[in-house]
Amino acid sequence: MSMYGRDPWGGPLEISHADSATDDDRSRNLDLDRAALSMTSRQLDETQQSWLLAGPGDQGKKKKYVDLGCLIVSRKLFLWTVGAIVATAALAGLITLIVKTVPRHHRPRPPPDNYTLALHKALMFFNAQRSGPIPKHNNVSWRGNSGMKDGISDPSHGRSLVGGFYDAGDAIKFNFPSSFAMTMLSWSVIEYSAKYEAAGELGHVKEIIKWGVDYLLKTFNSSADTIDRIAAQVGQGDTSGGTSTTPNDHYCWMRPEDIDYPRPVLECHSCSDLAAEMAAALASASIVFKDNKAYSQKLVHGAATLFKFSREQRGRYSGGGSDAAIFYNSTSYWDEFVWGGAWMYLATGNSSFLQLATHPTLAKHAGAFWGGPDYGVLSWDNKLTGAQVLLSRLRLFLSPGYPYEEILRTFHNQTGIIMCSYLPIFNTFNRTKGGLIQLNHGRPQPLQYVVNAAFLAALYSDYLEASDSPGWYCGPNFFPTGVLRDFARTQACSSIDYILGKNPRKMSYVVGFGGRYPKHVHHRGASIPKNGVKPSCKGGWKWRDTKKPNPNTVVGAMVAGPDRHDGFHDVRTNYNYTEPTLVGNAGLVAALVALSGEASGVDKNTMFSAVPPMFPNPPPPPTAWKP
C-alpha cells in the first residue's frame, strides 16, 4: 500500500509503510532522503514534470517536455508545431515569390461609353474657339493667336479685351450667350465633378471656364464696387441685309488670325439682362474654383458688382436696335434676375439674394405663373427653367422653410410639370418622325434647345434619387421616382443618341464623332487652309462658297441641326443647318457628362459650400380669432 505526498518541487513522492519499520528507522530513512534530495536537486529539476505527469505505474517511462514559462508542452508536440509553422511560412513565401514574378494580366477596363467619347470631342470645340494668345497645349493645329488688339484698337474703349471665345463660325465675341455658356459649364462641373475626373476631363473643363470668366472680368471694372458700363460685344456682324459692303466679321470670310479690319467695342450702360447673366457666370465659377480662395473671392466680388449694376441700371442690352438685337436679342431681364439671384445666393450665402430670387413679384414678371409656347425651354434668352430647377434643388436638399417654402414649393411643382412636358406620352411638344423633340417649335437650329432639356432631365432625376424622393406628379398621376428617372433618362438619352447618329439620316451632328458627320461646317477658321496665304476680306469668299469639304476639322462642334422633317443640308453657306455655337456646345457638354459613365448621382454638398447652416424661422402665428 502506498500514498503520495508532494515534495518541495511539486513532484510526487512515494512513501512505503512497512509494518516492521520502527520510528527510528523512519527517522533515519527521512534523513537519507533529504540528503539524497539535496544531492540530486539538479536531476529533479529536469525530471520533476515527468514525476508530475506520470502515474504510480509509469515511473519507469521517461518523457521529455519543454517549459515555455507559462505553458508546458511535450517536446515532440513542440517540435511538430514549430515545424508546421516554419513549413507554412516557407510555403507562403514561395507563393508570394511566384505571384510577384509571374506576369500579371489585369482585366481591361470596359471601353468608354459613347457619351464619354463624345464628351472628349465636345470640349475640344472650345479650344478651337479661343481668342487671344493660344496656349501651347491647345491641340488645335490650325489655330493661332488672334484678336491681339481687341479693345485697344477701338479709341472709344481704349482698354484690352484680349481673350475670351468667338461665338460661332465668325469672330464676334458676344458676352450675353458666352456668359450663359460659362454658367452651364460651371453648373455641370459643380454637379458632376467626379464624372469629369473619371473621364480625365476635369482639368480641361475648368481651364475652359477660367479662360471664359477671366475675359468677362476684363469687360468691366471688376475691382470697383460700382460701375456704369459694360463692354457687351467685340466685333460687328450687321450687314444691313446684305446691302452693306463695310468690312466686318460677317461680310468678310477670313481666318481670325488674318483679320485686319476694325473691330469695334459695343458698350452698354443699361443692360440688366447682360449684367445679371455675367454675374451668374462669375458666381457659379467661384464655386468651381472654391479651393482657390483668392481667385474665388475675386469672382464673387465681380459678380456682386455686376448684379448691383443690373438692379440699378434697368434695361435690355439689345434694346435700341443694336447689333446684338439682330443675333442675340434679349426679350426680358426678369428671368436673369431670378437666375442671377439664385447663383449669387449659392456663391455668397447672403440671404438677401435668396429673398430676391424667391420674391413672388419677380417670379411673376419672369413668367413663372403663366405658360406660353416657350415655357419650360432653357436657352440663352430664357433662364427661368434653369432657375426653377436650381431652386428646387435647394428645397430638396436643404429645406430652408419659412419664408421661402411657399415659392420654392411652387418652383418645385413647376419643375415637375416641365419634366412631364418633356416626356413623349404627354405630347406637349411636337416631335419629328425620327423622334427629335421640337422645343423651338420647328424653327431653325433646334439642337441647342434639345441638349439643354436633356441636361435638365438627367439632372433632375439625379436630384430625386439623391433626395430619396418617392416621386412626383404628372397631373393626377403619381409616378415613383424610379419610373420617372427611367423616363427622364430615356428621353435624355434618345435626344442625345439622335444627335450622335441614331436618326433617319444615320448622321452624327457632332463633328468628328462617328463615321458620318458634317464636312462643310459654317466656320471660317475650319474652312480656310492654314498655308501661309492670307486672303483678303472678299478673297475668302471662294472658301465659303466651295463645295469641297473643310480642310480643317473643327472637332466636337455640334452643328445647328436638322429641320422639322429630319432633313439636313450639309452646305457651308446655310448656317441654319451647319453653324456651331458656344451655347450649343455648352449644353451638349453638360448633357453628355450627366449621362456618361456607369455611376449616377450628383455632388450634393459642393453647391452649398458657401451657404451657412439654415435654421428656418417659424411661420407667424395665425391672426387672432374674432367673432
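Cβ atoms are placed via backbone N, Cα and C, with glycine included.
If you look up TrEMBL, you'll see H522 (among others) marked as active site. Listed in sequence order, A168, G169, V559, R572, T573, N574, Y575, T578, E579, P580 are the same-chain residues six or more apart from H522 (active site) with CB atoms under 8 A from its CB.
Within 10 Å of the C-beta of D570 (active site) there are 18 other C-beta atoms, taking all protein chains into account. Positions annotated as active site by TrEMBL: D570 (among others).
As annotated by TrEMBL, active site applies to E579 (among others).
Annotation comment: TrEMBL describes 115-592 as domain 'Glycoside hydrolase family 9'.
Annotated transmembrane segment per TrEMBL: 77-99, in sequence order.
Per-residue confidence over the domain 'Glycoside hydrolase family 9' (115-592) averages 95 (mean pLDDT, predicted model). All protein chains included, E579 (active site) registers 21 other Cβ atoms within 10 Å of its own Cβ.
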